[in-house]
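Chemist: Here's a structure for you.
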Amino acid sequence: MMNRVKIGTALLGLTLAGIALPALAQPQSGPQTGVVFRNTVTGEALDVSQGKEGGRDTPAVKKFLETGENLYIDDKSCLRNGESLFATSCSGCHGHLAEGKLGPGLNDNYWTYPSNTTDVGLFATIFGGANGMMGPHNENLTPDEMLQTIAWIRHLYTGPKQDAVWLNDEQKKAYTPYKQGEVIPKDAKGQCKPLDE
């Protein structure tokens, strides 16, 4: 009787191992990154391989997915594009200067979601959505376009420099906030090509 129990237990263990091991050997869905992006409301991991095609292979996106650093933050060519993307995708709810309308203001140091003080958190909110009318924008903006939009939002910031955690010390010293009427030239040199017109 004891041998039958041992054999049964061993067979059960082998069966479970046979089921579990192939599942463990399967590749994970989506690209593996150094940063885990989480839904702003639920905390669930976001699959950044989903959404609008393109805009995932730029050096800036690769760096951001690995480190959470947005290389576009102070690049004039990316600010130019971010302004246009923000105007079409965000300003209807957040205001032309991110001062807030139906949605909260994004240009001061009060954040409805504290995670949005970081570029990783703001990216996750744009990508996966939040409460209320803030739906996910991963179907109408690529990750590269999201980074350009974030750069523009950060450029509109009017709060104290010390609260701008997305800027490093060198960037804080050089930071010049947006001045109404400021125009960034279409031919501004930098990492971002002009958007298709």
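Quick reminder: no glycine exception, Cβ is built from N, Cα and C everywhere.
Annotation comment: Swiss-Prot describes Cys90, Cys93, His94 as heme c binding site. Feature annotation from Swiss-Prot assigns signal peptide to 1-25.
Explain the structural surroundings of these features, please.
Modeler: Take the CB of Cys93 (heme c binding site) and look out to 10 A: across all protein chains shown you find 15 other CB atoms.
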Chemist: Give the three-state DSSP assignment (helix, strand or coil) for Cys93 (heme c binding site).
Modeler: helix
Chemist: Report the residues of the chain - excluding Cys90, Cys93, His94 - with C-beta within 8 Å of the mean position of the site's C-beta atoms, for the recorded heme c site, in sequence order.
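Modeler: Residues close to the heme c site, other than Cys90, Cys93, His94: Phe86, Ser89, Ser91, Gly92, Gly95, Ala98, Lys101, Leu102, Gly103, Leu106.
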Chemist: Taking the Cβ of Cys90 (heme c binding site) as centre, how many other Cβ atoms lie within 10 Å?
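Modeler: I count 22 other Cβ atoms within 10 Å of it.
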Chemist: Just jot down the residues in the same chain as His94 (heme c binding site), at least 6 apart in sequence, with C-beta under 8 A of its C-beta; none if empty.
Modeler: Gly100, Lys101, Gly103, Pro104, Gly105, Leu106
